[in-house]
Amino acid sequence: MTILDVKIDQKFMKDLFILVLGVGLYILSVQLFVLPNELASNGIAGFSVFVNFVFNVNPALTFFLVNIPLFLFGWKLLTKRELLLSIPGALAMSLWILIFEAIGIQGFTFDHMILAGICDGILSGIGAGLVVVSEGTFGGSLLLSRIMEDQWEMGIDKVLFGIDIVVMMLSLVTYLALPNFAVTLVSCYIFSKVTRFIGRVDYRVQLIKRIRMTFKRY
């Protein structure tokens, strides 16, 4: 079977499973660490929260509207397979949110907020990295970073962190306290690096080589 000239075979279904799992870990991190510790969401999700605070627009609606031009942009620049895997990725975000809300999952609060930021960066980065491995996205900043990586050879981690900085600055001047801003920024940096480490084999090999060279010097 084919959809949009993309063969729906065993590999596609395996990648779809990895995609949905990755999105689940990403949303789980938000539920466990971001919300209980009053951190900000990163990427387009964070921008949606900003728009909600300033203009009282539902974040889900903003996320949907922002994704429309991104998907149209991606239609011209990404492969059909990447786009076909991105649509269920975006839908999976809403599905996982509903599942975790139905379960009533409880998050963790930390005496030292930085621990929440570190945990969020690692877990959400693993989730997003798995999404990259699947060759799909869940829309938003990850979709935009994939486009910029494919077309202009920009590191996916640099694009993600650049978008996050802009979103965090908007959040800081509207609703986010300075300590929460600082911790969220650390979380976003860890998230971007872990995403690239999990999702890009060449970067992983390069980083391991650097670590080995550093140890050899000592």
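Any Cβ shown, glycine's included, is placed from N, Cα and C.
Residues 41, 45, 85, 88-89, 92-93, 96-97, 100, 105, 107-108, 116-117, 119-120, 123-124, 126-131, 133-134, 136, 138 of the same chain, all 6+ positions outside the transmembrane segment (16-35), place their C-beta atoms under 8 angstroms from a C-beta of that stretch. Annotated transmembrane segment per TrEMBL: 16-35 (among others), in sequence order.
Packing against the transmembrane segment (47-71) from elsewhere in the chain are residues 40-41, 83, 86-87, 90, 94, 139-140, 143-144, 147, 167, 170-171, 174-175: each is 6 or more residues past its ends and has a CB under 8 Å from a CB in it. Annotation comment: TrEMBL describes 47-71 (among others) as transmembrane segment.
What TrEMBL lists as transmembrane segment is 83-108 (among others).
Long-range contacts of the transmembrane segment (114-138) within its own chain (CB-CB distance under 8 A, at least 6 residues past either end) are made by residues 15-16, 18-19, 21-30, 32-34, 36-37, 39, 42, 81-82, 84-86, 88-90, 92-93, 108, 146, 156, 183-184, 186-200. The transmembrane segment annotation in TrEMBL covers 114-138 (among others).
Per TrEMBL, the feature transmembrane segment maps to 159-178 (among others).
Nonlocal intrachain contacts for the transmembrane segment (184-203), taken as residues 6+ away from its ends with a CB within less than 8 angstroms of a stretch CB, comprise 39-40, 42, 114, 116-118, 120-122, 124-126, 128-133, 142, 155-158, 160-161, 164-165, 168, 171, 176. The transmembrane segment feature in TrEMBL is assigned to 184-203 (among others).
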